[in-house]
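Student: The structure that follows is given in the form of structure tokens.
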Ligand SMILES: NC(=O)c1ccc[n+]([C@@H]2O[C@H](COP(=O)([O-])OP(=O)(O)OC[C@H]3O[C@@H](n4cnc5c(N)ncnc54)[C@H](O)[C@@H]3O)[C@@H](O)[C@H]2O)c1
């Protein structure tokens, strides 16, 4: 069967897999291939046990796989056969050399550009899907055109705004799709090719275009604004605890102002995920690079408040549980950085688990989707850690439960049964404010939410 377009995506991760599955699902006339250097990941994409959990993902992958969606390790062949290449490789924070701990590590990106240059035999449109520092497209174009082999490469920026846990819904019905291009005749022509792909299922007014630098920067700024709202309400949660106010009541009153809006105003133990921290630090690094110290300091504050909130959570536990956690069993309800994903990258639960071990507590971790990743995250931590799928079994014999992830199931458990099985006095630290605190208090728990007065029996 011949297809209208051959689309390749390099990088079969949390972004590459779901975005390409959606294109294949919506556009059966295109052949979509996703390649990765990690053979294990590709084998998982070709099995019933996908490498990532997203509600609704397995259904669309199964329907399109083998029809017009393919997962492969054949990067070279994929490059040769495609007209459009999405690049969705990881861009973590640099851990070495200049900019360590702040700048984006572009080695995977650089390597990909060189691979594309080496194996290309025809003109191509290259689409930046990864989140990148502003001006990366320029560097990419320089690498691609340095071979001087007569092949034309047009680089577009098309940052991905999906949120893990709701990726399929976000891809199917996005608030917007952003496409940045150079404003040359060729750049605009390439942009129109990408607009046409998205137009298969997204309304024209939701597909916005811009210059390429604005597009690259918009992704960093979008994540910085989202994280800033969380840090803002989390900073106020600390004040609420001192001032006997209730952060949910404050958030409700503030969020009902239509200029502010109500979303992303839930106080918690802190934000996690692979993107927020790295993208803000990347923004901070860019500002420092351009000598904008005040701007850099302003955004760095968002990350500092997040670190402060996580540490505050631990110090509260320690203080409330009579200043010692040594030998106490503490159960973490959830390890994923948010509900409906198995992703644990930068999850506050990693920090909390490590700090509890430092305090010589015994840690029991339960999570419906993230236990495998939790084991990897904590494999080098020396201390008593156990991983138990069933939350009833996990909490039995524990002195405290700390809610780390807002999984819906944790709201539906039989807490009378859990209370009976725990050591007394029994504590609940609700790091996501998802439980019915009054009810838990009546059962006998000492309950400590975020940003509200604790409910205690002593
Ligand atoms: N995870 C999210 O929610 C999210 C949302 C929006 C944007 N992003 C951005 O998208 C990018 C990818 O993120 P992710 O979460 O999918 O990362 P990921 O680590 O899950 O996936 C990246 C994949 O790229 C592969 N890879 C690296 N170099 C390669 C190469 N040379 N050839 C082939 N494959 C290669 C890796 O093996 C890995 O499987 C990042 O820039 C991230 O900031 C992520």
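Any Cβ shown, glycine's included, is placed from N, Cα and C.
Bear in mind that TrEMBL entries carry predicted annotations, made automatically and left uncurated.
Among the features that TrEMBL reports, active site, nucleophile is placed at 275. If you look up TrEMBL, you'll see 11-16, 36, 41, 89-93, 130-131, 164, 275-278, 345 marked as NAD(+) binding site. According to TrEMBL, the feature domain 'UDP-glucose/GDP-mannose dehydrogenase C-terminal' maps to 331-437.
Set these features in their place in the structure for me.
Tutor: DSSP assigns residue 275 (active site, nucleophile) to coil in the three-state reduction, placing it in neither a helix nor a strand.
The DSSP secondary structure for residue 164 (NAD(+) binding site) is coil. Annotation for residue 164 (NAD(+) binding site): spatial neighbours 14, 54, 273, 337, 338, 340, 341, 343, criterion Cβ-Cβ under 8 Å with sequence separation of six or more.
DSSP places the residues of the domain 'UDP-glucose/GDP-mannose dehydrogenase C-terminal' (331-437) in helix, strand and coil in these numbers: 35 helix, 19 strand, 53 coil.
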Student: Measuring Cα to Cα, how far is residue 275 (active site, nucleophile) from residue 90 (NAD(+) binding site) in Å?
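Tutor: Computed Cα spacing between residue 275 (active site, nucleophile) and residue 90 (NAD(+) binding site) is 10 Å.
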Student: Compute the average pLDDT of the predicted model within the domain 'UDP-glucose/GDP-mannose dehydrogenase C-terminal' (331-437).
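Tutor: That stretch averages a pLDDT of 98.
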Student: Any same-chain residues 6+ apart from residue 277 (NAD(+) binding site) with CB under 8 Å of its CB? Would you list them in sequence order, or say none?
Tutor: 93, 227, 271, 303, 306, 346
Student: Might you list, by sequence position, any residue in that chain lying six or more from residue 11 (NAD(+) binding site) with a Cβ less than 8 Å away from its Cβ?
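Tutor: Sequence-distant Cβ neighbours: 34, 36, 87, 88, 89, 90, 112, 129, 130.
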Student: At a 10 A cut-off on CB-CB distances, which of the recorded positions 14, 36, 90, 93, 275 has the highest count?
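Tutor: Most Cβ neighbours within 10 Å: 275.
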